[in-house]
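Annotated in TrEMBL:
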- 1-101: repeat 'Lumazine-binding' (REPEAT)
- 1-101: domain 'Lumazine-binding' (DOMAIN)
- 102-198: repeat 'Lumazine-binding' (REPEAT)
- 102-198: domain 'Lumazine-binding' (DOMAIN)
- 202-224: region 'Disordered' (REGION)
């Protein structure tokens, strides 16, 4: 579980093809803490552009991960090359403050930046989103974009907008995003469960032949 508050921006040192997946090596010096209790360890979960992956090797400041075929298909990690920058966040620990919103690290879909209006030092961004997922997005609700917890300003059938403060532009990869760039999207967990509950509720409201009681075969008569 994550919060959507990016801790660091890492840079890919290497991308090694391992069909059908690939190995990602990311330089993350800020995660190599002097305090061993806070340091990254083998097996730790880290969100990379919002996608939860496991640390499989540590070499100095470099952290290695493996991304499978499904991950590469459903996220923008398959588009990364050596030198690409990514948002990084370690998994939530017991006792940590919850400053963003609950982010699972399971990407729902990939959207695209379709409009960017800069009003320095601020910026307003519009992203496309596949219609099935736009139903899980609401104005003033939360969404994770490349692992960043943001508040939705407005939403349509196939798009939504966010307003970025200077700090977010400075400390995440969104500051360098341009129109046409593809981004990982994870909708709010609560919205998914509400939608699923409503789907089941609507289905249960429709009577079926199995649920409608048949009239008795014998006439009713009062008891003496």
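Here the Cβ of each residue, glycine as well, is placed from N, Cα and C on the backbone.
A mean pLDDT of 91 is what the model gives for the domain 'Lumazine-binding' (1-101). Applying DSSP to the repeat 'Lumazine-binding' (102-198) sorts its residues as follows: 24 helix, 43 strand, 30 coil.
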